[in-house]
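Copied from TrEMBL, the annotated features are:
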MOTIF     2-30  motif 'Q motif'
DOMAIN    2-30  domain 'DEAD-box RNA helicase Q'
DOMAIN    33-206  domain 'Helicase ATP-binding'
DOMAIN    244-386  domain 'Helicase C-terminal'
REGION    375-491  region 'Disordered'
COMPBIAS  394-403  compositional bias 'Basic and acidic residues'
COMPBIAS  411-429  compositional bias 'Basic and acidic residues'
Ligand code: AMP
């Protein structure tokens, strides 16, 4: 078996690695470090959880140990798709470079330019950045990329999803042609292949197996859940989530709960808190300081449940996550692999549970195709009985009125959003023609009455009194057409 000491790393790096408690290199480290140290380009097909951050950071530190940084001209550059990932690479760098005098700067959105400018002015060995922020600095004339000897692109497939590929190409062109490139992606989409063919020179290709197909330490399960009534689906799904959490008892020390939409992330976090579970939300609409605080809270255990969207949680390395709950089935099967990879890290055991409603069964099938296994079915937990509708507007266990009166149920609006525009227009005009009083303009014929419209039908009615506000567990239906499944502005 390969040992770290066989890889050619600097003794100061080796001692930091040993202090970090690593005994043997992971396959991506054993594969990528030797060619990187020889100065070759590397194309690593690996995802987070495989140890890939160290596979590029350790050789970088070794190679940069000789030489000095010059003002405004970083010697190496690491590009990451999100602020959190960039911050995580920076943390890893601090651990592995602790015995050296190498300096770094982190250029990410949400942090003031002034501080970052001051560091760059002094000269840094390693610049870790999100693409947008890096280009902002460059365009302000504060930064020169002509001194970059090593450039790392991390999570290239995520960059592609987030629309950063043009930025990456631009950055490649601003760095010297002679640079060494270490490029990492979990998948090789055709666009990624094109970029690597253009910007990498005869790379050493290292591919490591997917976590989802190899990670036997993650116990997986899925509940096929059908709600008692369609308009109660969201609420009952939250009950299922709580039952799943409860069924795990103390084994569930903490968990990341993934939702497909940012609004859902907020709703689920709010609901859990309301029911006494200690939860917080993280997604791209929250400001950077807030996201960092939440992550720190989750890391140090003061927050037990982290409700997250894919982008916000992508690649986050939190070593001790006991459970992942997929509150929604991800619509891109790749995301399932990434999500469940948040647990069972570094050889630990983990549990990943998912709730699948009938409309999502097609996505479940795609996931099972991808991971080449059937995800074991978990019996639907028994839910408290739905409140009777005959009594006087009783509040249900979530504090919401049973029929969710006065607001459009979410499922309805989503269904409507899926209808072709043509059909929607037709429905609107139909309801204008035949609907109840309010929507109809005076003089419009009433179907079925010929030209004669009794006067009482044309009278305008007093607007109904607004329903009392529903607290906490609100379910705002997303504005029609506002597809906000995932943020892409977290750069
Ligand atoms: P990454 O894929 O870079 O996000 O790393 C996943 C986790 O594995 C991190 O918590 C690392 O600290 C840890 N790790 C990286 N390399 C090793 C290793 N050789 N042995 C044990 N743990 C490691």
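Numbering starts at 1 and runs along the chain as it is shown here.
Note that Cβ sites are derived from N, Cα and C of the backbone, with glycine treated the same way.
Curation does not apply to TrEMBL; its annotations are automatic.
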Helix, strand and coil residues within the domain 'DEAD-box RNA helicase Q' (2-30) as assigned by DSSP: 16 helix, 0 strand, 13 coil
When secondary structure is assigned with DSSP, how many helix, strand and coil residues does the domain 'Helicase C-terminal' (244-386) contain? 62 helix, 25 strand, 56 coil
Within the motif 'Q motif' (2-30) only, compute the mean pLDDT. 94
